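Here's what TrEMBL has on this protein:
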- 32-87: domain 'Acetyl-coenzyme A synthetase N-terminal' (DOMAIN)
- 95-480: domain 'AMP-dependent synthetase/ligase' (DOMAIN)
- R197, G198, G199, K200, T317: CoA binding site (BINDING)
- G397, E398, P399, D421, T422, F423, W424, Q425, T426, D512, R528, R539: ATP binding site (BINDING)
- 544-625: domain 'AMP-binding enzyme C-terminal' (DOMAIN)
- V555: Mg(2+) binding site (BINDING)
- K625: N6-acetyllysine (MOD_RES)
Amino acid sequence: MSVINSVLIENRIFPPAEALVERSTISGRVAYDALCQEAETDYSGYWARLAREHLTWKKEFTTSLDESRAPFYQWFADGTLNVSYNCLDRHVEAGLGDKLAIIFEADDGQLSRITYQQLLARVCQLANALRARGVKPGDRVLIYLPMSIEGVVAMQACARIGAIHSVVFGGFSAKSIHERIVDAGTVAVITADGQCRGGKRIPLKPAVDDAIAMGGCEMVHSVIVFQRTGDDCSMQAGRDVWWHDAVREQAQTCEPEWVGAEHPLFLLYTSGSTGKPKGVQHSSGGYLLHAALTMKWTFDIQADDVFWCTADIGWVTGHTYIAYGPLACGATQLMFEGVPTYPNAGRFWHMIQNHKVSVFYTAPTAIRSLIKAGEISPETHPKNYDLTSLRILGSVGEPINPDAWMWYYEQVGGSRCPIVDTFWQTETGGHMITPLPGVTPLVPGSCTLPFPGIQASVVDETGLELEWGKGGLLVVKKPWPSMIRTIYGDPQRYANSYFPADLGGNLYLAGDGAMRDPNTGYFTIMGRIDDVLNVAGHRMGTMEIESALASNPLVAEAAVVGRPDDVTGEAICAFVVLKQARPSGAEAAEIANQLRSWITKEIGPIAKPKDIRFGDNLPKTRSGKIMRRLLRSLAKNEDITQDVSTLENPGILDQLKQNA
Ligand code: PRX
């Protein structure tokens, strides 16, 4: 791989306010450096100290990192604990039973509140119900639930009895559920009759029925159904049971299953470079340690905070920063069933105001769509709301372009709140590279520096560390506690994809391009290496072109993919959403030319998109991720043959077929 040219230059820098430095758990660069130094000097001792301080163990571990079966690393392996005990019982035992654990706001605005004591009781009841139905430690349980307190209860109940959950996002199709049931050998499913999103009722249970009917699912002996919408729902006698019936007679206490630290906590399926999703397997002890630690250090979570992560529990962000992290810290969190644009695009700001949210964690794509909405309907702009309760903002899932960053910083955070741009992945379990609010001067668009103890680096295609200023492959040099343990049922694929022999076999390959700033060492993520383009021998991160496009005053959002080109190898194809209505004809051609000139000016003629296509929106999953594989097909003018079942807005595909 030749070096990725970085052409984004960002000079703005925002140091943390003095008051914030003083009150933060990790206060100032000296404290950060001391932690990094401790990890440098005694890596395994550093993590062992943290695991003792932040988790409650049933049996203390005597070994920290075990590398004897590398790359199948183990952490704290001879210790035993229970994740749900750590998230619930220990807070109740410490006198926090009456503290609010979750404030749940439904799609229609209805509120439910649950304390730690109440949550523990509900988790115990469901755990008992699962046990009563024969679910044993190590069994796989598929969870297909809407955003709900029950979603968290289901995950925690599995953890309590040592069952391994596999949460499937509510937007996935029956076929996807079927694949996951079969791949994991699932014995039970927890689902709901339906869900409410954006004022609509969407059925869920039929997809589970269809999945099981596809065959090969004979081991599924139980389906527990939470009644959310009350809509008609077929129940198969002997197999299906209503949640409320299953728990009615169950005790509100339940002895936790004390498991080894390496006992799998969950599988979470994610897309890889091949078509088959991979079941990323996480551990109990190491995973929970990082979930707790990142809550405390990245989000600086304090006793009086109201934390809100807008992710869905179907994605890793919802696992670590809804179902486990906030509870492991005894925090109060807000949880939301609906969508950011219903009843209008001011919903997020309205909720922050109402619930006095102090730490807010969302995705750049949400920010960008709300920027656009605020321009179209000014009454939904954040300035109309009292957002003074906010003290820390977070971003996750994709690179945040500097323009969106500045809007988030100024319009949402009132130029007071640091933005922690957290780089991580399903496979990493928790934050890997991120600012810490009381430590790190912020640079828009950079995820800055590794979390203390994480040994991130940028290497060339042979695994050689590159000097700062050169783009290359993002790697992690040492195993860390919350890392993926294996791909379920395919250990070889785990070893090959994450520890490739080309890099020497001992570096974790993230799959992203990155570059470190020559002066500060700050990391900038340049997009997936599979999204890196090579145009006429020049490598460029697609994110840089997108960011440049997005900085044009006409542009609301842009995505860039490569397509084969006879002359230049690859050509750049840009899909653009304007702040104004979608142009056509001569107007479209005119704006496309303006954008080409803009890119020429911002980056250089090499980055000029050959094709520009305008849409009212981009094809996105319901979680808001742009579906680049669809864009690549569109760019190549191929017929769409892929599964579009997770697509939020299939109507958009037709618009994007024509060049401007
Ligand atoms: O490309 C990186 C991007 O999202 C990928 C991981 O996706 P997933 O496993 O779905 O997890 C998303 C939530 C953690 C990464 O390989 N990514 C994630 N966070 C960032 C990011 N890219 C740039 N900046 C980030 N903060």
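Yeah, the Cβs are placed from backbone N, Cα and C, and that goes for glycine too.
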Rounded Cα-Cα span from K625 (N6-acetyllysine) to G199 (CoA binding site), Å: 22
Neighbourhood of T422 (ATP binding site) by C-beta distance under 8 A, where only residues 6 or more apart in the same chain count: T294, T298, Y361, G394, S395, V396, H431, I433, T434, C447
Residues among the binding-site residues R197, G199, K200, P399, W424 that border ligand 1 - Cβ under 6 angstroms, in sequence order: P399, W424
Cβ contacts of K200 (CoA binding site) (under 8 Å, same chain, 6 or more positions away): none
Number of helical, extended and coil residues in the domain 'Acetyl-coenzyme A synthetase N-terminal' (32-87), per DSSP: 27 helix, 7 strand, 22 coil
Cα within 10 Å of G397 (ATP binding site) - qualifying recorded positions among R197, G198, T317, V555, K625: T317, K625
Candidate recorded positions P399, T426, R528, V555, K625, pick with smallest Cα gap to T317 (CoA binding site): T426
Those binding-site residues listed as G198, G199, G397, P399, and which of them has the most Cβ atoms within 10 Å of its own Cβ: P399
Spatial separation of T426 (ATP binding site) from the residue listed as 'Mg(2+) binding site' - C-alpha basis, Å: 30
Where G199 (CoA binding site) sits in the secondary structure, as DSSP reduces it to three classes: coil
Fewest Cβ neighbours within 10 Å, where candidates are the binding-site residues T317, T426: T426
Model confidence over the domain 'AMP-binding enzyme C-terminal' (544-625) (mean pLDDT, whole number): 88
Residues that sit under 8 angstroms from K625 (N6-acetyllysine) by C-beta distance, when 6+ apart in the chain: T365, G397, E398
